Amino acid sequence: LPVIPTLSPGASSFPHHRATLRLSEKFILLLILSAFITLCFGAFFFLPDNSKHKRFDFGLEDVLIPHIESEKEARHSSRQVIHGVGGHDEHRLRDKIRADHERALQEAKEKLRKSKEELKAEIQTEKTKVVEDLKKKDGPKPLPPVPMPKLVGVSDGDPGDSDTKEKRDKIREMMKHAWDSYRQYGWGHNELKPIAKKGHSTNIFGNSQMGATIVDALDTLYIMGLHDEFKDGQEWIEQNLDFSVNAEVSVFEVNIRFIGGLLAAYYLSGQEVFKVKAVQLAEKLLPAFNTPTGIPWAMVNLKSGVGRNWGWASAGSSILAEFGTLHMEFVHLTYLTGNPAYYQKVMHIRKLLAKMDRPNGLYPNYLNPRTGRWGQHHTSVGGLGDSFYEYLLKAWLMSDKTDTEARKTYDDAIEAIERHLIRKSNGGLTFIGEWKNGHLERKMGHLTCFAGGMFALGADGSPDDKAGHYLQLGAEIAHTCHESYDRTVLKLGPEAFKFDSGLEAVAVRQNEKYYILRPEVIETYWYMWRFTHDPKYRQWGWEAVQAIDKYCRVSGGFSGVKDVYSSNPTYDDVQQSFFLAETLKYLYLLFSSDELLPLENWVFNTEAHPLPVLHLGNITLPGSETQR
């Protein structure tokens, strides 16, 4: 081991180093003394007097200390200090600052002791609180009071004779069965699987449970007098309907089912919650219009606002029947909110379409929202095109027949459709074909059958005294569509049917033989009944009631069937929300008196949700002046 030398206590092992250390100590002491004298000298000459010093302190408190409640109190404190009573307030303020600092330090120490999970939970709680506070502070302003449109015939509609009343009661019972089954097995889900007895949804609603059947069925429940069921639906909407979900939804479907359903429920019942929810949802749809042309995307994420189009649509196009079926609901949104954005969005679409060339005067089903050019030249009055034409006519009707631009656009479109798409089969059946790449496909879809009712609805006001012609055209389409039902085993119509090779009004392909509880044929029966009162339309409607009740009814609700030509069909196990919104509503109206929702006062959206005619008179919709 090395030997460590011992040192004598009095002797220095490093005498030269010790002398250098003493010199530097003296130098440091001299520097400190100089600084102290300079500080005292500066304080004496340059610091403000006592009263200014106190005011400066309290000014700092206003800015830095979060305990001052309001501007008024801050001004009051400031005035008190200027006329203060001495140093007592100053000491109290300093004590307060010190106490705050000590408390903050203590909180920080406590936070450091917490686990990562506890800190995360705390941060989330704080974030939630901030969001809630912002909602309270900057939340939706109360909607402006607007005069309620004239509401006529919102209930009853007793048909008078007992036979018709009995049939109407049967339809009401079917509605109750459909609703009760959904209430028991699918409550809160978008739709119902009546065989499996559980909830069901499709991609049009994203991955969310938004209670589509509840919203879609409300107005049907109301006009049928099923008020307990209506109240249940209202309570669910008040407590559970939330649109701040991370879900990618169809703009078109959510508009016609949800916004249309909520607005109709509001107008019928007067319950504010429906109006508020409709506006909340509409605000979530507006980002879909953020495209180079203003033509909206087909889908939008309700949370992020990001939009896109269906992958199957021609060259990334938007679809005519989707971006062209917003007008009715958006005009009502502007009317109820005073926000011109909704009206301006739909009018911009109309103006853009008016400037575009149309092949043979026809509107193709696809339009690219980036380029503003048509996609594939495919024109249809059925799927992809149908409700665009319907909403041109209904925009005119809903405006109390003042929107003449909409009426002219409708008339021009129908003239081109008659010239190029409407034909008579060898067997004498009038049908509406589809235009595809320069030739007519002699096929008609179940969806196209709504057009009979549209022609009848638009007959009054037709150019060149053609009202009789269009009423007759509506009757011919109704007859053709009834034949498509009558030529099946189940007496229910297929999804599509052809008019060639000796076969007429019959489906050929297996994937076109299904019936999914669709309403369009019954919708046309109802309109034709209203305008003609020909008893055959009630007779045809009753045939449909009996067939649906016999072949589609199951213990857990109503299901579509996969083959209407089979005497032993398999079920598709879906109770569509539109069955309650449209099919059963149109049947109920068919067996009611004309006093229930008279067409002079109400216009039905494409999901059969009734919206009142806006008798605006001299009132101008916000935003309309900028569109002229």
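Including glycine, each Cβ sits where the backbone N, Cα and C put it.
According to TrEMBL, the protein carries these features:
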type	residues	note
COILED	94-129	coiled coil
REGION	130-167	region 'Disordered'
COMPBIAS	130-140	compositional bias 'Basic and acidic residues'
ACT_SITE	D386	active site
DISULFID	C449-C481	disulfide bond
ACT_SITE	E520	active site
Whole-number answer please: how many Å between the C-alpha atoms of C449 (disulfide bond) and E520 (active site)? 6
Measure from the CA atom of C481 (disulfide bond) to the CA atom of E520 (active site) and give the result in Å, rounded to a whole number. 9
Starting from the Cβ of D386 (active site), draw a 10 Å sphere and report how many other Cβ atoms land inside it. 25
Distance [Cα-Cα, Å, rounded] between C481 (disulfide bond) and D386 (active site): 16
Across every protein chain in view, the count of C-beta atoms other than its own within 10 A of the C-beta of C449 (disulfide bond) is 30
Taking every protein chain in this structure into account, which of the recorded positions C481, E520 has the most other Cβ atoms within 10 Å of its Cβ? C481
